[in-house]
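Undergrad: Dropping a structure here in structure tokens format, bear with me for questions.
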Amino acid sequence: MELPASTAPSGISIENVAKTYPARKGSAEVVALDNINLNVPEGSIVGVIGRSGAGKSSLIRLINGLEQPTKGRVIVNGTEITSLDEPALRQARRSIGMIFQHFNLLSSRTAFDNIALPLEIAGVAKREIAKTVLPLLDMVGLADKRDRYPAELSGGQKQRVGIARALATSPKVLLSDEATSALDPETTDQILELLKRINADLRLTILFITHEMAVVKALADRVAVLERGHIVEEGTTYNVFASPQHEVTKRFVSSVTGSQAPDWLLARLKAERGPQDEAVLRISFRGSDAGQPLLSQIARSFGIDINILNGQVEMIAGHPFGTLIVSIPAEPELVGQVSNQLKAAGSAVEHLGYVA
């Protein structure tokens, strides 16, 4: 099913944006965002991840024009949102859909009527409203729930109504504010699959904010990591997962991959080498290397035993990525040679310490 598409250019461009909130009652001013530059290409899915207080909510409020930046420009669908007066901004928002963490449905309206609300506000005739709402109910899998009230729907069904409502005005851009945070893991997966299908079917540009790296891994083409009002890392989802550079990014990535050392190993890990200790290495395999027998080749080449302590291989953005934590004999020359051979094969290697 395909909804009518706007001919306006799609995508989001955030240029040198800062947002500072003034001091209140003796407290210092708050710098929520500082020199933010971010491009969301047409038809892409971009995730912005950050901890609480990183500036995510401020960013999304600037994109939909709910707040003005202290400096910089926000361009959505070819229109500079930050330069519009209120009537023009209301019109521009029709091309921007929004879904929320807590659904924001009207309890006195049925699923059909909640989806119809933005069309009613826009003055669309009732006959035309039905032509839009019924296909949307079908798209989100709620054709049989059109007359149900929010209290009669599950959390996942409420979010599906919210998604359909966001699509009612045929937007070119969809903003998602922690849309899966209130859902259980199974329902989260279903909503993410729905968003991916909508992105593909409608060529919809999606920007979502989240604090969950698993959501980024499942949904995003690209990711930007926000920390204390700054974008500290940005890139394709695969590259950010495979080779995180910033410490905040590394913590996010380790929470959903096998790159984090298990607690039992951390409890035994030592910084200094003892006489009977082995060196502990963390090895990341990218792309086709994730399926290659590199460790067995190295074990034969150097005549050593390699003990696998932890790890996994998974798919990220359609590409295999593997992480293994291993121990090998701790002679410095040997550790260096093994590390160099792994790096020459395209793997990333980190020496974590020593273990008895």
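Placed from the backbone N, Cα and C atoms, the Cβ positions cover glycine too.
Copying in the features that Swiss-Prot gives for the protein in this structure:
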{"type": "BINDING", "residues": "Gly50, Arg51, Ser52, Gly53, Ala54, Gly55, Lys56, Ser57", "note": "ATP binding site"}
{"type": "DOMAIN", "residues": "12-253", "note": "domain 'ABC transporter'"}
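Buried or exposed, and what's around them? Tell me for each listed feature.
TA: In the three-state DSSP assignment, the secondary structure recorded for Ser57 (ATP binding site) is helix.
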Undergrad: Within 8 Å of the Cβ centre of Gly50, Arg51, Ser52, Gly53, Ala54, Gly55, Lys56, Ser57, which other residues of the chain have their Cβ, at the recorded ATP site?
TA: His211, Leu226
Undergrad: State the mean pLDDT for the domain 'ABC transporter' (12-253).
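TA: A mean pLDDT of 94 is what the model gives the domain 'ABC transporter' (12-253).
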Undergrad: Starting from the Cβ of Arg51 (ATP binding site), draw a 10 Å sphere and report how many other Cβ atoms land inside it.
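TA: I count 15 other Cβ atoms within 10 Å of it.
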Undergrad: Looking only at DSSP and grouping its letters into three states, which state does Gly50 (ATP binding site) belong to?
TA: strand
Undergrad: Just jot down the residues in the same chain as Lys56 (ATP binding site), at least 6 apart in sequence, with C-beta under 8 A of its C-beta; none if empty.
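TA: Spatial neighbours, sequence-distant, of Lys56 (ATP binding site): Val48, Ile49, Gly50, Ile209, Thr210, His211, Leu226.
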